[in-house]
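Summarising the annotation, Swiss-Prot assigns Zn(2+) binding site to 295, 299, 375 and lists experimental evidence as the type of evidence.
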């Protein structure tokens, strides 16, 4: 369980103060450890009783974060977080029959906002459906729990992270609380140059990425805007850029000189000939349901029966019916990337090993779908990442794009410069 203090009135200023304080603490730590003998820490584990909020003595609101264990119900997680039984009963009695509150994904987090009086005020978590992750936000007003989410409540803030690798890059990033989707996206961005798992002790990672906040609580991560990896003394940089002509399709990653960063492991083929991108990867407010959703892939609008092609060489690992995805094909490629092609009307005869460009199925509207389209996903270690960063061709920058890219890159690089020379830092920039 993790507890995060929060001052709602001064949250914006608190974030700035947090950035400064952590930088100062990092600098103080470096100064204090020079010329002293390092003491080996001892790990002590002790099972503690469940947290009781009532006598905490905390006078301001704070967030409690609890991880979902296999087989947990929402009531189980809320009880473990310390919420009073009568509050849990009110929530389960009102919302216990709703599907998105019955099915929780193991290892996801449930966040509870606790007021200064020790009572629960809000509950937030994401459900995990095929192709979408939906924000469930419960808020207590006038003693009554209600579902709540709106554009006005959602804020996107750029986040800076700087990490020095100790034993492993993934472990060091996780300990610095870099979200798993950012860790896997980073792995894919530089896959053409090096493996993230190949970083050694003393190597460094500096990141600038978008974070999504709901009522002041970070609930999700967006795109990596810039990344800098120092590997064996050599610095590798990547900058996100989206031109106007790409519209809703998302951007791509280029090095500091505006060159295509990598060949993406042979992903040089679009999965189909399409008319438009009807829904890009990322978070959006559902226009009808008025809930925040992460769309875990890219939707391509195309006529029924349009051939769908493997986007790179690989091995078909699944072909059949897959829940809300309808008829789907999954292909495992090099560098740990897996692609998924959903809502197909029919399959081709392809099986086993396939070549990039080989037809694997045909556009349809099976599963949870409102019309013919292809839902295309890219995953690394099972984690959905933006396909444009790892599993779609990267266009060369035009002369007009190069000027715009240079200006955008200069701003991002100035933010990364704040992190150079600091071992570990966590900060916000707005």
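The backbone N, Cα and C atoms fix where each Cβ goes, glycine too.
Values in this document were obtained by computation on a predicted structure and should not be read as measured data.
Structure coloured by features recorded in Swiss-Prot.
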{"residue": "295", "record": "Zn(2+) binding site", "Cβ within 10 Å": "19"}
{"residue": "299", "record": "Zn(2+) binding site", "Cβ within 10 Å": "23"}
{"residue": "375", "record": "Zn(2+) binding site", "Cβ within 10 Å": "27"}
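In the three-state DSSP scheme, residue 295 (Zn(2+) binding site) is classed as strand.
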